[in-house]
Amino acid sequence: MSDPDGGSPDDTAPTNDGGRFDRLPETAADREVAGRASREEVLDWWETRFGIGREVLGGYGFWEKGAGKVWVFNGEAADPSPVEAIGMTFLRTRQEHWKPTTRAVQRFGSHATRNVVELGSERASRFVAGEDQDLPEWDGDWGYLIVSHRIAGASAPIGVGLYLHGELRSVVPKGSRADLPVLEE
Amino acid sequence: MNPLDRYEPLVDDVDAFRAACDRPLPSVVRTNRIKASPDRVRDAFETEGVAHDPVGWHDGIFRLPDGNPGGNWPHAHGWTHGQEEVSALPALALDPRPGDRVWDACAAPGSKTTQIADLMDDSGTVVANDNNLGRLSALRHNAERLGVTNAIVTNQDARNFSLKPLAFDAFDRALVDAPCSCEGTCRKNPDVLEQWTMDHVHGVAGIQKGILTRAIQATRPGGTVVYSTCTFAPEENEAVLDHALAAEDCEIVGVDLPLETAPGVTEWDGETYDESVTRARRVYPHHNDTGGFFCAKLRVGGSEVAR
Ligand SMILES: C[S@@+](CC[C@H](N)C(=O)[O-])C[C@H]1O[C@@H](n2cnc3c(N)ncnc32)[C@H](O)[C@@H]1O
């Protein structure tokens with residue numbers, strides 16, 4: 001791994017090992033692996049971005065495998081863990097704008113209090129099919145949003161949208177897109 | 001030869017058995033309570049116009065007469081999982097509790113792992129293992145779609161499974177949903193009957209014995225092991241239990257299943273098995289209009305240790 005600060009090549013600072021899961025450090029001050037998000041930063045991000053607080057996520061553990069992929073886990077695991085998966089993929093870090101996963105948003109997004117766009121039924125069907133659409137009426141933040149619709153008497157998150165320049169892009173992964181009927185409102 | 005012929009002496013009503021085996025199976029989905037309640041799933045099916053019938057014996061399981069279990073909104077939200085009715089039995093027999101440490105030894109593609117996680121309220125730890133990496137990727141996809149956060153996925157041969165990568169050294173419960181000859185799935189996949197061979201039965205029985213004994217060893221004294229297959233072959237069912245009873249400190253205990261079942265058999269093809277295998281349950285297709293199944297619950301010997 002190259003060291004941006006020009007450290008010597010035999011530098012023994014721990015690096016991210018893409019072959020195993022490591023628990024995120026508690027705070028930035030505990031960080032040993034360069035670039036790794038801390039648990040506090042992850043919790044703060046969900047709180048700031050979506051209003052999903054520690055009362056929802058505080059009981060979970062967060063783990064990194066591969067550069068920037070953070071997983072959410074609710075069980076007991078050894079640290080590090082040389083296994084195939086721990087819990088579910090949750091958040092993409094180590095990039096300027098962190099990006100929640102579709103499944104994380106479906107799992108926890110109903111607790112969100114901001115940056116949620118609730119689509120009407122016709123738009124919801126287009127969104128889950130992977131279509132981008134104009135959304136000039138949105139006056140909230142730009143960037144990654146939780147996209148939801150009304151179904152069976154309540155709002156339910158469908159996935160992640162990317163809002164830029166008046167357009168809502170569907171970032172529903174290819175394998176999860178579907179042609180679904182427009183629900184009667 | 002049609003392997004179903006050999007099981008005729010075991011069933012109460014041969015004609016009904018054969019007729020049921022010839023009928024295709026309806027699509028069935030299980031509610032994933034990690035994300036939604038059965039009421040909410042039913043409401044959503046109604047709004048969307050998806051035909052659905054309750055199975056009667058479980059409020060979270062629905063038959064979909066028009067098929068296509070993956071083509072509706074509840075599926076897209078991860079509120080449902082397509083899973084045959086009988087396939088829901090082993091996790092119910094295992095009866096895992098929130099906070100437990102559970103091993104699913106042959107877990108892919110994860111129908112039972114995700115049901116176990118649901119029964120644990122997605123807390124505690126379920127270790128989902130399979131020796132087939134391709135099938136494990138299907139398991140991971142299912143676990144993510146259903147929002148399971150308490151699973152660890154491992155890729156080992158279950159016969160010599162090592163707990164070293166884990167944070168604990170024994171399980172409270174283990175499920176062995178073993179690889180088998182699968183005649184019980186003939187209503188979904190009639191090819192299994194053509195591919196059936198006696199050599200395969202004997203080969204796979206050896207693997208089943210290896211996995212079940214490892215599961216018993218890896219479970220704490222007083223813990224629970226469930227053994228299940230979708231075959232009618234006593235060589236792969238009662239004979240495997242009989243082997244485990246002789247090799248390991250364990251006993252077969254009764255299990256209440258919410259469907260009509262028949263007891264395990266103690267005699268087959270010149271062999272006799274321990275009397276307690278009658279506590280195991282056989283599910284024949286004509287009894288409840290389902291697939292075929294076998295399920296036994298074992299208690300690991302020794303005195304219970306609190307952790
Ligand atoms: C009946 S299927 C399991 C179905 C799964 N429990 C479910 O509910 O979705 C049996 C599985 O055992 C796996 N298997 C076969 N031999 C194995 C072994 N020695 N160790 C671990 N898994 C094995 C197969 O790859 C297959 O996925």
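Any Cβ shown, glycine's included, is placed from N, Cα and C.
In TrEMBL, annotation is done automatically, which means it is predicted and not curated.
Of the residues B:ASP66, B:ASP172, B:ASP177, B:ASP191, TrEMBL puts just one in the S-adenosyl-L-methionine site with B:CYS106, B:ALA107, B:ALA108, B:PRO109, B:GLY110, B:SER111, B:LYS112, B:ASP130, B:ASP157: B:ASP177. Note on B:CYS230 (active site, nucleophile): other Cβ atoms within 10 Å of its Cβ, all shown chains, come to 24. Across the residues the record lists as binding S-adenosyl-L-methionine (B:CYS106, B:ALA107, B:ALA108, B:PRO109, B:GLY110, B:SER111, B:LYS112, B:ASP130, B:ASP157, B:ASP177), the two Cα atoms farthest apart are 19 Å from each other. Listed in sequence order, the residues of the same chain lying 6 or more apart from B:ASP157 (S-adenosyl-L-methionine binding site) and placing their CB within less than 8 Å of its CB are B:ASN131.
Cα of B:LYS112 (S-adenosyl-L-methionine binding site) to Cα of B:CYS230 (active site, nucleophile): a distance of 13 Å. B:ALA108 (S-adenosyl-L-methionine binding site) and B:CYS230 (active site, nucleophile) are 15 Å apart (CA-CA, integer value). For the binding-site residues B:CYS106, B:ALA108, B:GLY110, B:LYS112, the greatest number of Cβ atoms within 10 Å around a candidate Cβ is found at B:GLY110. Per-residue confidence over the domain 'SAM-dependent MTase RsmB/NOP-type' (B:17-301) averages 97 (mean pLDDT, predicted model).
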